[in-house]
Amino acid sequence: AATQPSTNWHLKENAREHHTSKFSSEELIVRRGQAFTITFNGTEKPEQNLIFLAETGPKPSKATKTLATFGISSTVSKEGWSAVLQSTSSNSVSISISSPHNAVIGRYKLSVQIGSSSPSSLGTFVLLFNPWSSGDDVFMPNKAECEEYVLEEFGIIFAGNKNRISGFGWNFGQFQGDILNICLAIMDRSLYYRQDPVTDVSHRHDPKYLGRVLSAMVNANDDQGVVLGNWSGKYEGGKNPSSWTGSSEILQSWKKSGFKPVKYGQCWVFAAVLTTVLRCLGIPTRTITNFSSAHDADGNLRVDEFYDADGNHLERGADSIWNFHVWNESWFTRNDLGPSYSGWQVLDATPQEESGGIYQCGPASRYAIKEGEVDLDYDCPFVFAEVNADCMYWNYDSATGKKTLIFSKSTEIGDSISTKAVGRDDRVDVTSDYKYEEGSAKERDIFKKARKKLGLEDKFDPTAPTQEEIEQKPDISGKFKVAGSLEVGKDLNLLLVLENLQSDAKTVNVNMTAWSTLYTRKPVNEIWKDSMSVTLAPKEEKQFPIKIKYPEYQQRLTTDKTIQVTALCHVEDGIQVLVQRNITLDNPAIDIQVLGEAKVNKEVVVEVAFTNPIDTEVKDCVLQVEGSDLLRGTLELRIPPLKASEKSSTKFKLTPSEAGPKHLLVNFSCDKFADIKTFKMVNVIN
């Protein structure tokens, strides 16, 4: 009887060749379209007829390309799987196995059949996409970009608003612990798999297909996916979306709970988790932040915002403008559309609108978005609107139901579109990859082209303003200016600047409000309101100071630390003028120092310092620390209360497990300040 062969998978050498050394696994992990070597014994006469079987999925078959059988050949096959004999000794044989460039990815079972005996199992291995291989759909010619978009476990996500962009660190952690197995489990829990497992697995060679399926699986809607969204401002029963610092903890929690959605996420959490999953599987992926991002719910390339006579922003209609929104770009070819549409593709896992009956979005070719080709797959109209919609601001009278246009703006949406630089912790602006220059003739032409393709040009729209409403000219102009610092814990000082554009005096009644909002501009708590009547001499400009004291907003601020201030100006015998500004407050600073040299497998002490900037005690202080290859999982430290102006210093130890530039991420929270984040690059030496 034949003995069970024992297999040497040459884990180290294969991993080095296949750029998979960062995975910490006892299982072979390789990339498609590239050879790997294995040695096995238990073959008395290796020159006997060897037939290999590689199979994946629930019902492997040749028809669905989930089963391959192949013998020894002298060269690598161009089409299918192949095995080339490397060397033989008395009872063992070394074989180089190659998979095709378009192989289905996932976990495979490998068996060998010797002569006429029945096949014996050699074990399992995992096959991933290969951005280093020119035949692969995800091939990325620039090696530095492969390093960043596939192998880098640290990222920076941009947030805030277009006047004040801030960035925070994120630990993608795609190579840590059990993440690869969790990513494989995600694919097997999708609606597509549940409806037809055989067909689903046979499509897993295609990054377009997997990108779309995973954009649906990362949100909990429809399929008990990974993260449950919550934009209410109340996060009981789960973690505040702002408090996460990495994807590992989220993916591990999802698995540990028996695949129950993790509470809670907002856009950057969905985008970050999708980045982790796609990088893990080998699809180059990055996060993109769009400032003043439109959520056009009714598909008319227009977002409508409504205000009452007092200047309160009303939640009417499903359209909204978010201070920022984060989505993903993944890199692959579009054989379905043609070569010019290949490259970066937009995927969005945030559940905003259904596509094909479920909450998924993309892949939308970024080139198609820029060219207004909104009729191309998938979800181009929605993404096009996110960066291009026109804004209409209306005054709504709830008593009569009448709405009047205050003004419209075509240059508001899609600002400072941002991503992290390759190999550096800097911001790169990619706005010009999404659209032609704002206000240029070309940009307006593309907008018209998109409207036409969507059938909006020829159709009468009863909700649209008339041409004469759009062209009406206001008598005054206004803006809010910031005077002083924008920090949580300090008073907020603003100036309302009003200018009379006419050559006769104007009387203006001004109704002002300030609301704390979410980053989606959803109003949560009223902070302040005031009204005044002012007279402006011909062509006069006047400034009116506004002060909102810290105690006035402290209890009402959301953890997004955003405030919308509005002044609705009723000009006597003229049209209304709306002045508004969205303000994001900065948290106080927190400081990290690494005391001494960071060496592999040696303890090093890290000190985190925070000074309480306000004149009352802060309590319930918690420090959360994580960083791939610096510590396992997330470290949580409780810190004693801090009196006014008191400085705290917390020390803890790390034992780095791998050399190179690593990032330590810190998140500090207390009862007065939520989620103060910072990160530090730690250069670990051998």
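Glycine is treated like the rest: Cβ placed from N, Cα and C.
For the domain 'Transglutaminase-like' (259-351), DSSP puts the residue distribution at 18 helix, 41 strand, 34 coil. Positions annotated as domain 'Transglutaminase-like' by TrEMBL: 259-351.
Taken from TrEMBL, the feature active site covers CYS267 (among others). Counted within 10 Å of its Cβ, the other Cβ atoms near CYS267 (active site) come to 28, all protein chains included.
There are 26 other Cβ atoms within 10 Å of the Cβ belonging to HIS325 (active site). Positions annotated as active site by TrEMBL: HIS325 (among others).
Residues or ranges marked as active site by TrEMBL: ASP348 (among others). Around the Cβ of ASP348 (active site), the same chain contributes SER215, PHE270, ALA271, TRP327, ASN328, CYS361, GLY362, ASP379, VAL383, each under 8 angstroms and 6 or more positions distant in sequence.
Every protein chain considered, the tally of other Cβ atoms within 10 Å of the Cβ of GLU438 (Ca(2+) binding site) stands at 16. The annotation Ca(2+) binding site is assigned in TrEMBL to ASN388, ASP390, GLU438, GLU443.
For CYS267 (active site), the recorded positions whose C-alpha atoms fall inside a 10 Å radius of its own C-alpha are HIS325, out of HIS325, ASN388, GLU438. Sequence-distant neighbours of ASN388 (Ca(2+) binding site) (same chain, 6+ apart, CB under 8 A from its CB) are ALA294, LEU301, ILE413, GLY414, LYS435, ILE446, PHE447, ALA450.
Among the listed binding-site residues, namely ASP390, GLU443, the Cβ with the most fellow Cβ atoms inside 10 Å is that of ASP390. Across the structure, HIS325 (active site) and ASP390 (Ca(2+) binding site) are spaced 17 Å apart at their Cα atoms.
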